[in-house]
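Participant: One structure, pasted below without further comment.
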Amino acid sequence: MPKGKKAKGKKVAPAPAVVKKQEAKKVVNPLFEKRPKNFGIGQDIQPKRDLTRFVKWPRYIRLQRQRAILYKRLKVPPAINQFTQALDRQTATQLLKLAHKYRPETKQEKKQRLLARAEKKAAGKGDVPTKRPPVLRAGVNTVTTLVENKKAQLVVIAHDVDPIELVVFLPALCRKMGVPYCIIKGKARLGRLVHRKTCTTVAFTQVNSEDKGALAKLVEAIRTNYNDRYDEIRRHWGGNVLGPKSVARIAKLEKAKAKELATKLG
């Protein structure tokens, strides 16, 4: 190898130059002027925003919202808090399906029945008194009497009764008398069963022989969820949940305290 000559290694091929795409220049029409909006005070008309928070709602909406927030903020005693533990959807659907079979008759149905009976009597076929069919019994006073006499097989209470004092004693009474009870969502759902707008509570007294198995299954599930868990339920207080502002304020104070402590310890 001759002196002064360096050994030549293999040359790496240079990276291919990235071919830049030539962007076509946007042709700006000079007739279209830019007029940016200024949303400062007293300037342009403001854009459409969601102003739900600032709407003056009707009184009944305000009250129900305030009630919901109070139930979260204040400490709710167990007797009232138990009404938040409603029956699960699947069991509730089965229960309502069964209850639908035992709806009481409407005014029109009663009128037609009595009319048919009167026509029979007028035709001289004799008036045979019919046996009363098993139906749901509704209303606080009726259900309370049935529970006290141990005639109710199952009691269904609405979770949103207002005022709650109307039914607050019922779970304790049912447990004392050994009657299975459950809390279901919606007084309107119970109301539909008995042809009213709303209903506080309904009770099963008797069912037909073909539905006894279905009722027994429901009673077993309900007893496990409510009657047997009564001691546990009456220990649970509700509410006492702070709002986002209070949580943020407390967090800020805690942060400041921690910072101060850190500087002291150095």
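Cβ atoms here come from the backbone N, Cα and C positions, even for glycine.
Annotation comment: Swiss-Prot describes K11, K20, K21, K48, K97, K125, K245 as SUMO2 cross-link. According to Swiss-Prot, the feature N6-acetyllysine maps to K34, K97, K217, an assignment based on a large-scale study or a structure entry.
What's the neighbourhood like for each of these?
Facilitator: Around the Cβ of K11 (SUMO2 cross-link), the number of neighbouring Cβ atoms within 10 Å comes to 6.
DSSP assigns K48 (SUMO2 cross-link) to coil in the three-state reduction, outside any helix or strand. In sequence order, the list of same-chain residues 6 or more apart from K48 (SUMO2 cross-link) whose Cβ falls under 8 Å from its Cβ is empty.
The 10 Å shell around the Cβ of K97 (SUMO2 cross-link) contains 10 further Cβ atoms across the protein chains shown.
The Cβ neighbour count for K125 (SUMO2 cross-link), using a 10 Å radius and every protein chain shown, is 9.
Within the same chain, no residue at least 6 positions away in sequence has its Cβ under 8 Å from that of K245 (SUMO2 cross-link). DSSP assigns K245 (SUMO2 cross-link) to a helical segment in the three-state reduction.
Taking the Cβ of K34 (N6-acetyllysine) as reference, no residue of its chain lies under 8 Å away while being at least six apart in sequence.
Remark: K217 (N6-acetyllysine) has no non-local neighbours by Cβ distance under 8 Å and separation of at least 6 in sequence.
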Participant: Sort K217 (N6-acetyllysine) into helix, strand or coil using the DSSP assignment.
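Facilitator: Looking at the DSSP assignment, K217 (N6-acetyllysine) belongs to a helix.
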Participant: Roughly how many Å separate the Cα of K97 (SUMO2 cross-link) from that of K125 (SUMO2 cross-link), to the nearest whole number?
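Facilitator: Rounded to a whole number, the Cα-Cα distance is 38 Å.
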